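Novice: According to TrEMBL, the protein has these features:
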type	residues	note
BINDING	B:114, B:115, B:116, B:117, B:118, B:119, B:120, B:121, B:160, B:216, B:217, B:218, B:219	GTP binding site
BINDING	B:121, B:138	Mg(2+) binding site
TRANSMEM	B:48-70	transmembrane segment
């Protein structure tokens, strides 16, 4: 009886789960974004910005947006740690790439790292959300300028969006995440991942 | 008819009402003398019907109410212990954990694991007393309480020799975090360190715990850095829990508290 109700309950309330990878170079604000998202969507406090230490490893956040569940993977952005990024592409439904828009000296590094991400086979077709972060700072460039600077050629058929946000005060984040959920629901990659997950689940049985 | 009713009553949450219902149990349908038109029996039949429908309505309402309640409860629990399986069976533990995270002293139980001679005991006493003590290989365990960032950490340092590694599992229940210590200069045994590490991660009892890796002995020549340790330990295979790696030197006291900073922040924000 318990399992019947548990099953029913799960059926009624369970949602699709998406894996989202948050990438970007060191100090772009990836963990701040993660904490802000937790604050917005979970109504929990999140870590205050001054308590955030550089990530060397993986931070995980689970949030619910409209009718989707997002599992956010926030990876460290230091040069030595970027080698592990690619190990996560295969299972990611979408990629969020963060750039510190107030720090033009980091653009070159950001650009080359992003191109490397896009060239990788395992990330093919994953919707890409590029966030020009730190808009609360006075000298931050706009998302259009950033798009012009990055001048990405490898986007192809990929769904993508440039968006100006501030992980500090939350500007633009809600819109960007809603776009991301919508893009993931539409993307072919989601279906491919789902069939692959189904096949492996069947294989395990 | 009576049996039919009890079958209906089964799934609802109001099944406790059943005995009171069964006092109306002599249902007229069972009665061979029952004639639909005859007035006293018909009235009684109508009353019964009314009572029955009321009872069904009440149980339906309470059922839906309890579903809503369950969902809110689940939301609450997910905020508190994000990442753990929201299965009802585990609710008791989750609930206690939630209560203890709201009220009063935050305490966490932490295991320090790693191969022998990785520096676990030195790290433990460096954290606790702030000085380097000379240690002998641990057979058994050392346990100390470390107060840090408003969290009381109960740190268990378990002996790491091959023969006593199987006993690690005795300490796994109720562990919120694992500190895995690797000797970064001992490149020959990184393979074994990796295997032991992944064996630990597969333990059911450690499903919800966060993992902190200390790439220790960075002061020694020939020690490899955190990125190389990450590769060697295949940390990227960890997908469902938070982890972090820090370069440390227990002798010099470098990196240990940065790691503990991360650990206390992660434990405070719910872990998992």
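Residue numbering: from 1, along the chain as shown.
Cβ coordinates are placed from backbone N, Cα and C, and glycine is handled just like the others.
Unlike curated entries, TrEMBL annotations are predicted automatically.
Neighbours and distances for these, please.
Specialist: Residues within less than 8 Å, Cβ to Cβ, of residue B:217 (GTP binding site) and separated from it by at least 6 positions along the same chain comprise B:118, B:119, B:183, B:184, B:185, B:186, B:223, B:249, B:250, B:251.
Less than 8 angstroms from the CB of residue B:121 (Mg(2+) binding site) sit B:133, B:135, B:138, B:142, B:157, each of them six or more residues away in the same chain. In the three-state DSSP reading, residue B:121 (Mg(2+) binding site) counts as helix.
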Novice: Please state whether DSSP places residue B:116 (GTP binding site) in a helix, a strand or coil.
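Specialist: The residue in question, residue B:116 (GTP binding site), is coil (DSSP, three-state).
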